[in-house]
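As annotated by TrEMBL, domain 'GTP-binding protein TrmE N-terminal' applies to 6-125. Look at TrEMBL and you will find Arg23, Glu86, Lys125, Lys448 tagged as (6S)-5-formyl-5,6,7,8-tetrahydrofolate binding site. Positions annotated as domain 'MnmE helical' by TrEMBL: 128-445. According to TrEMBL, the feature domain 'G' maps to 223-335. Annotation comment: TrEMBL describes Asn231, Val232, Gly233, Lys234, Ser235, Thr236, Asp275, Thr276, Ala277, Gly278 as GTP binding site. Positions annotated as Mg(2+) binding site by TrEMBL: Ser235, Thr256.
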Amino acid sequence: MSLNDTITACATPIGYSGIAVIRLSGAQALAIAKKVFRPQSGMVDFKPNCVYFGDFFDSEKNCVVDKILLTTFFAPHSYTGEDVVEFSCHGNPLIVERIITALLNQGARLAQKGEFTKRALLNGKIDLIQAEAVLDTVYASCEQARRVALAQYEGKLSDWVYSLRAKIVDLLLLIEASLDFPEEEETEIEELKIHQTLQVLIDDLDWILKGAQTGVKIKEGYRVLIMGRTNVGKSTLFNRLVGFERAIVHSEPGTTRDYIEEDIELAGLFIRLFDTAGVFSGAKGVDQKAVEKTQGLLNQADLILLMFDGSEPVNEEDIELYDLTKEHRKLQILNKIDLNFRIGQDGLLSDSIKISAKTGENIGLLIDGIKQALLPKNVEDQLLVTRTRHIEILKSVRGFLKNALNGQTLETVAFELHTALNRLGELTGQVMRKEILDRIFEEFCIGK
Ligand SMILES: Nc1nc2c(ncn2[C@@H]2O[C@H](COP(=O)(O)OP(=O)(O)O)[C@@H](O)[C@H]2O)c(=O)[nH]1
Ligand SMILES: [Mg+2]
């Protein structure tokens, strides 16, 4: 793979669609485009950031392939930092194939996965965190994940890392000055200052690592479990939240035995929702198995929706479930408000959300409640880390800063700080390791 090649790929999914977009990037992009494009206006030279209408012409077969729009971007003001041409043709796989073949015949090479973004990185248009954010933007599974990915693409996390870096560099300058002039009186004051600064940096890292727990959940999804005794309306609620009749609903108790799960977007969050069998003591045979499965799920759940039937008084099974889920993060739900309410709402059920899973009444309130229970307050203002790679690097940087804090001599402090800087460089891509780059870009699609 060489940066000197001009690369091409289809940037839209292969299939029938209104349009398809084919990208061409590299030093030869404009020259190649000239050979395959016949503008309707008859213009001679491409200008940057312009859109032209005309024919895509296949000179080998001597025929027009399609009527297209051609967009130009000149280096360095393009996604990759190189000359880029985008061909918007009709979305037919045959046309796309013909256009790409014609571009290859004119000297372009087929792009590898993520190669356009990789070039943007190597040409300094974006850093590694932003390159990863491009991928996260493409694959964001919920509104919150999209928001976080965009913030990272805009450079918010990178800026934070650069400012951390700058503070470490300042510290190193201070230490190196002290090492050069050890006889100066101010050394002690400076050591105190170094300690204080290090502590502030460690606190900053702790803050961002704490937020990372939320970041990872937003990206990977929350597990939400609907629980309650039989017939309280769990499957009815499950279907309502999922948006279709996924689970069997029946007045006969014990309809749901094996648990059912669906991935959904709810309240802007990516959620794996589980519908379970009603847990009750004294279950035998297949019911006992169902109870065990529900208990297994309970331990991995981020949130329990504990349901009660509001049209009936609380019974022993309800209390049993209440006790079983005592230690878990949960929302209590009183269902069937469309019927006569017979449940006591004082004591253990005082802060419940009252809904009708059947009619949909107050489901909006429940969804708000789920969001509040899962997301910390002011999450929008928080800088979120979402990738394991980032978390591991930040943890190890924290470790080096901690070593520096406990360093016996200024030399060891300086050594630890240098190591921390190196590690931070891996985060943004200032220090690049080939295998890490390969692993990251392997996740991309061709054409991105
Ligand atoms: N009136 C009324 N009936 C409901 C409501 N939710 C569920 N049901 C009924 O309660 C019965 C049991 O529902 P189901 O969802 O299968 O309960 P599960 O055993 O907890 O999964 C069914 O006949 C449902 O139609 C509700 O909000 N109002
Ligand atoms: Mg059920």
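Cβ atoms are placed via backbone N, Cα and C, with glycine included.
When each of the binding-site residues Glu86, Asp275 is scored by how many other Cβ atoms sit within 10 Å of its Cβ, Glu86 comes out lowest.
Ranked by CA distance from Ser235 (GTP binding site), the binding-site residues Arg23, Glu86, Lys125, Lys448 have Lys448 at the top as the closest. Checking the binding-site residues Arg23, Glu86, Asn231, Ser235, Ala277, Lys448 for a CB within less than 6 Å of any atom of ligand 2 leaves Ser235, listed in sequence order.
Lys448 ((6S)-5-formyl-5,6,7,8-tetrahydrofolate binding site): 21 other CB atoms within 10 A of its CB, across all protein chains.
When each of the binding-site residues Asn231, Ser235 is scored by how many other Cβ atoms sit within 10 Å of its Cβ, Asn231 comes out lowest. Of the candidate binding-site residues, Arg23, Glu86, Lys125, Lys448, the one lying closest to Gly233 (GTP binding site) when CA atoms are compared is Lys448. Ranked by how many other Cβ atoms sit within 10 Å of their Cβ, the binding-site residues Arg23, Lys125 place Lys125 at the bottom.
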